[in-house]
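Features of the protein shown, as given by Swiss-Prot:
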{"type": "BINDING", "residues": "CYS143, CYS146, CYS155, CYS158", "note": "Zn(2+) binding site"}
{"type": "BINDING", "residues": "LYS333", "note": "ATP binding site"}
{"type": "DOMAIN", "residues": "565-670", "note": "domain 'tRNA-binding'"}
{"type": "MOTIF", "residues": "12-22", "note": "motif ''HIGH' region'"}
{"type": "MOTIF", "residues": "330-334", "note": "motif ''KMSKS' region'"}
Amino acid sequence: MKKKNLITAALPYVNNIPHLGNLVQVLSADAFARYSRMMGIETLYVCGTDEYGTATETKALIEKTTPEELCNKYYEIHKSIYEWFNIKFDIFGRTTNKRHKETVQDLFLKLEKNGYTTEKESEQFFCKQDQMFLADRYVTGECPNCGNNAKGDQCENCSKLLSPTDLINPKCIICKNIPIIKTTKHIYIDLPKIKDELSHWMQITELNTNWNTNAIKITNAFLRDGLKERAITRDLKWGIPVPKKEYENKVFYVWFDAPIGYISITKEISKDWESWWKNNEETNLVQFIGKDNILFHTVIFPSIALGSKENWTMLSKLASSEYLNYENLKFSKSAGTGIFGNDVITTGIPSDIWRFYIYYNRPEKSDFQFMWDDFMERVNSELIGNFSNLVNRVLTFYKKFFGDQIDKIEIKEDFWQEINLKYDKTLNFFKQVELKSALKEILDISRTGNKIFQDKEPWKTKDSTPQKTKELLLNLIYLIRDLSILISPFIPHTSDKIRRFFGNSYEISNRFLGTNLGLSTIQFTEVLFIKLEKHLINSLKLKYSGSKNMQDEQTSNQINPINLFSEQVCLKVVQVKTIERNPDAEKLFILKLNDGSSDGKQIVSSLADYYKEEELIGKHIIIVDNLKPAKFRGIKSEGMLIATEDKDKNFKVIIVEDFKDNPIPGERIILESDSYKELKSPAKISIDKFFKTQIVAENGELKINGINLILEHSKEKILSIEIPNGKVY
């Protein structure tokens, strides 16, 4: 039996911000790595950013920077997002490190020495407009296999690997012009020559391990159709140089160098890296990828390893998944649809809630649509109504009626036989990387605990049979300890919090399951989560639905935003008096405001990532004064401040300053067209209604349908100086 688990998640491209769908792989690998450590298995979890290639070079041109600077910028963005999601890499590296260059070139030279490379001239698309050879993914056209739109390396619809010249009606993705064909010379990996070794390895691997059905199907179909020589060099500047004469101005194809990144990144932290990567007898290599990456991990990367004739650790378990999509739309920063990693951080919703929902719906066998309403329902009913409820009700009841001490009793309640079978089932799901099933089994155990508590009615028996009632509750407390261990791969912050309830008296280890070990006192208890409120979910749904969708909704409902604002919205200037951080959510500021009234107002806002407290105290800001009161993490909020956000997601609170007459706290903000009207104080409204007014910043001025917003008394225009153009919300 193999003793070690070497776990990788597909290296994310560094030239973008990851969205929820991109996070599936790193989160899945994180859960499996945490399970592996829980079982006492020596574990290494490796990931990093994929930084070379045309996509990076082109993005750098767009952002008017160098590829190196672009990679540095996005590496930090990726790293910060993964840290917020509490992903516990053993290393999160980069393919631009020195060891990567050495490793890629060394493997190439071994392939060449062993006769697994060829050289030949080929026809490649060249864009006359942009004066450059076009990378595969910078040519689009019709897939010759299924007829769908595809890029020049692979069709995402049917997963067929392509060459750009295979496409029907090809176009340059940059300028949309039709490219011409020019002759160029490249090095190819001779896959047909490796086919017998690859097929033999595939047969052994399929017999000894479990691959996702879709992965086996796609790989076998690819082998059945026949392997072809595949270019591993290209005409680019940004990449690993080819160590061969006549190829000084070419680099390695990113698909060739990227998988090797798993090895080179491991070298960065371990001098003993060969004990992981050249130890096939004792090491399980478990790789987490999306379905669009299957062939690169089942054919290309294994072929490189086999062709080198070295004893590389080969793929044991391929955990491929389908796509996580968004509200029947595509994730798109430019269109404003979908929620991305940096957006998630600003919602005020804890990372464990996001982790829970992604695992609960992990797209293991089919694509899944992220839906806000389902997000709220699953979190409130399963995570909070089921799991959190069991922890809270049992510990609170025990502490209230039986004190802090946890007696060491014999585990003998009748329910343990059923529970232990469920433990075995859960651990087997983990082992097979059926993460969604593992989580749902854990939730089923929690439901069983709730049912036992409800059926036994300890509130009725605590006085008549106190010892028996106490023993029942103690058994349930040991069940809660076990649940905190089993669920730790999915929601680690919450697991740690439950452990703190017990004074961190036990470890996240399977050796405690079903035992009476590791508990002595309940030091404190508190609610694990606050329910998600409908108004918050509706506001997030609207915010990330894209401007076009918002306009479509507005048109379909025949809403006039000017009339809506005049008749139903009340914006006011307020002065920030004090700011505190929410003790249960550090990202949330609690702002005490002077609104001209004797009592003032209080609002809660997710500003901690954007401002320090002292930057806002004393400033005049704008709030939606007539919003229905709401609670955020248990704190009452009596309004919402407004801010501007541009297309790059830069965010600034609108500060009302630099007027001839200082703004008066409580002064209303109105449309310029209403400056001579007598306006009534409108009734309380939902946040959805406010968003339908569609306030925008245009050339530094706040407007609705071209009409300026102004201060009611001084008639001064409301300005957005720091972000002159963008959405206001």
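Yeah, the Cβs are placed from backbone N, Cα and C, and that goes for glycine too.
Note that the structure is predicted; figures quoted are calculated from it, not measured.
Surrounding the centroid of the Cβ atoms of CYS143, CYS146, CYS155, CYS158, where the record places Zn(2+), the chain contributes additional residues within 8 Å, namely PRO144, ASN145, GLY147, ASN148, ALA150, GLU156, ASN157, SER159, LYS160. CYS146 (Zn(2+) binding site) counts 13 other C-beta atoms within 10 Å of its own C-beta, drawing on all protein chains shown. The C-beta environment of CYS143 (Zn(2+) binding site), restricted to residues of the same chain at least 6 apart in sequence and closer than 8 Å, consists of ASN149, ALA150, CYS155, ASN157, CYS158, LYS160, LEU162, LEU167, ILE168. Ranking the binding-site residues CYS155, CYS158 by how many Cβ atoms sit within 10 Å of each one's Cβ puts CYS155 at the top. The DSSP breakdown of the domain 'tRNA-binding' (565-670), given as helix, strand and coil counts, is 8 helix, 52 strand, 46 coil.
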